[in-house]
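Peer 1: My questions will all concern the structure given below.
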Amino acid sequence: MQHIRNFSIIAHIDHGKSTLADRLIHRCGGLAEREMSAQVLDSMDIERERGITIKAQTASLQYKSQDGTVYNLNLIDTPGHVDFSYEVSRSLSACEGALLVVDASQGVEAQTVANCYTAIELGVEVLPVLNKMDLPQADPEAARQEVEDVIGIDASEAVLASAKTGMGIDEILESIVARVPPPKGDPSAPLQALIIDSWFDNYVGVVMLVRIVNGVLKPKDKILLMASHATHLCEQIGVFTPKSQPRPELSAGEVGFVIAGIKELEHAKVGDTITLAGKPAAEPLPGFKEVKPQVFAGLYPVESSEYDQLRDSLEKLKLNDAALMFEPEVSQALGFGFRCGFLGLLHMEIVQERLEREFDMDIITTAPSVVYEVEQRDGTVVTIESPSRMPEIAKIADIREPIVKVTLFMPQEYVGPVMTLCNNKRGVQLNMSYHGRQVHLTYEIPLAEIVLDFFDKLKSVSRGYASMDYEFVEYRSADVVKVDLLINGDRVDALAMIAHRNNARYRAREVVSRMRGLIPRQMFDVAIQAAIGAEVIARENVKALRKNVLAKCYGGDISRKKKLLEKQKAGKKRMKQVGSVEIPQEAFLAILQVEDK
């Protein structure tokens with residue numbers, strides 16, 4: 001065990017984490033030259049294209065250090081994005097060390113800080129690495145200063161490296177061996193293994209990536225998963241060098257994979273503890289929590305005949321993504337579809353993109369909403385994921401909305417516009433500090449304001465320089481109301497929205513006027529109204545198309561004209577009673593694009 005080192009890499013998007021991982025694998029001879037593809041550990045196409053890492057992956061590398069000892073280095077790759085922060089904390093708790101990769105030309109960014117604090121809380125040894133030293137604009141001194149100011153760790157021994165040219169790779173490996181402590185653990189104690197990640201393989205079922213904390217695991221052992229109380233027979237174990245290689249056993253301190261013929265990903269939850277069914281551990285490893293979706297949206301197939309196909313696609317995605325939740329939902333306007341829960345906006349985009357790309361689905365997504373807690377007058381508390389499920393106003397005692405703490409980093413010239421944006425989004429400023437040329441702002445903002453378009457707006461007011469990170473704080477009472485949309489007096493459930501009372505009238509007017517341009521003219525007048533309860537707060541009319549019935553009367557008597565006009569009017573009235581209005585799909589998207597003032 002003295003020769004094992006478990007470490008992971010922490011970095012903001014695009015600071016060169018995956019490239020560095022490739023270099024380390026290459027240097028330790030994990031893959032032959034011909035098998036090296038860029039970003040070996042990012043296995044999904046979408047991970048490579050967006051340049052982000054979604055699932056954790058591992059590589060066990062054999063490294064012969066300068067004094068001749070062979071060390072077994074386990075690299076655990078972590079996702080860097082805020083939506084996947086739980087996966088990050090699980091990956092980090094399986095390590096004793098972490099490389100903090102900072103782009104020497106850009107300095108520290110928000111997500112790096114968030115993940116770095118997670119690492120420090122878990123007691124992981126953090127080694128700073130200044131990457132991209134081959135760039136002409138690299139400024140190692142400023143970056144070093146920022147690491148010390150913002151994160152507060154000593155960066156005087158930071159390794160200067162460039163993953164692209166391969167400079168500094170040996171120094172990184174040596175500092176891992178020298179500064180990362182070996183794992184603690186007792187091979188003779190009852191088995192405790194942490195599930196770092198799990199995914200579904202078409203041939204063998206669920207593959208679990210585990211870190212053995214205590215004990216030894218061998219094939220043919222009966223294992224027990226402590227959170228889901230499921231027992232399975234362990235079929236195959238091994239390590240990834242990124243290719244999988246079977247092993248006769250995994251003992252304390254090692255990282256590897258376990259295949260136990262599990263059919264459902266629900267059983268192998270990330271963060272759960274594996275132990276032996278015959279000789280179980282006294283208690284599970286700390287830190288496990290159920291991941292709860294924060295953002296909900298409806299997904300509907302464009303062709304209603306593709307409903308079953310959408311369900312199959314979602315089930316297949318769920319095999320690889322335990323955080324995705326979905327349940328069937330029927331909307332009068334959009335037909336049959338699903339209400340899906342996501343960890344955050346990026347997660348939602350990725351699910352949509354994977355549905356379109358891997359399963360060839362055409363889908364409509366309704367406006368994303370967050371989960372509200374509603375306390376009713378009889379004292380019961382219900383959670384509302386969709387505006388159409390909001391109880392009647394008379395029954396509601398209090399509505400609580402989720403509040404998140406947002407950490408923002410940006411160059412000082414953009415502080416003004418960013419603060420204005422946060423205030424418009426009902427933000428409350430908690431803190432502001434300057435570190436060199438970077439400014440660090442902390443705000444509390446309702447999650448509902450963030451899911452709409454906060455991220456896009458932030459990027460546009462700061463010309464792309466600001467970076468953000470958010471974490472859930474609590475539910476707080478809020479003055480929010482449900483705004484219904486009525487078309488010819490009929491409520492359209494899919495168009496209902498929940499808005500803050502101060503903002504409701506403005507948003508209602510915007511949506512209604514936008515809908516007016518999208519609903520085609522009919523043979524009769526169409527009234528589009530927005531209402532809070534019974535009070536109508538905005539209205540637009542779509543004028544009827546009419547034929548000029550007087551065209552054939554030359555001169556003629558006024559009573560003759562009147563008769564024709566009355567006849568037309570009666571016809572229109574009759575039509576309005578039986579006619580129904582087709583709502584085009586663009587109208588549903590209109591709600592998504594309404595700006596808050």
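Placed from the backbone N, Cα and C atoms, the Cβ positions cover glycine too.
Here's the feature list from Swiss-Prot:
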BINDING   D14, H15, G16, K17, S18, T19, N131, K132, M133, D134  GTP binding site
DOMAIN    2-184  domain 'tr-type G'
Peer 1: Indicate whether N131 (GTP binding site) is helix, strand or coil by DSSP.
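Peer 2: SS state of N131 (GTP binding site) = strand.
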Peer 1: Enumerate same-chain residues with a sequence separation of six or more from M133 (GTP binding site) and a Cβ-Cβ distance below 8 A; give 'none' if the list is empty.
Peer 2: A104, P140, L160, A161, S162, M167, G168
Peer 1: Among the binding-site residues S18, N131, which residue has the largest number of other Cβ atoms within 10 Å of its own Cβ?
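Peer 2: Comparing the binding-site residues S18, N131, the most crowded Cβ belongs to N131.
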Peer 1: DSSP secondary structure for S18 (GTP binding site), reduced to helix/strand/coil, please.
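Peer 2: In the DSSP reduction, S18 (GTP binding site) maps to helix.
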Peer 1: Give me the mean pLDDT over the domain 'tr-type G' (2-184), rounded to a whole number.
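Peer 2: Here the predicted model's pLDDT, averaged over the domain 'tr-type G' (2-184), is 72.
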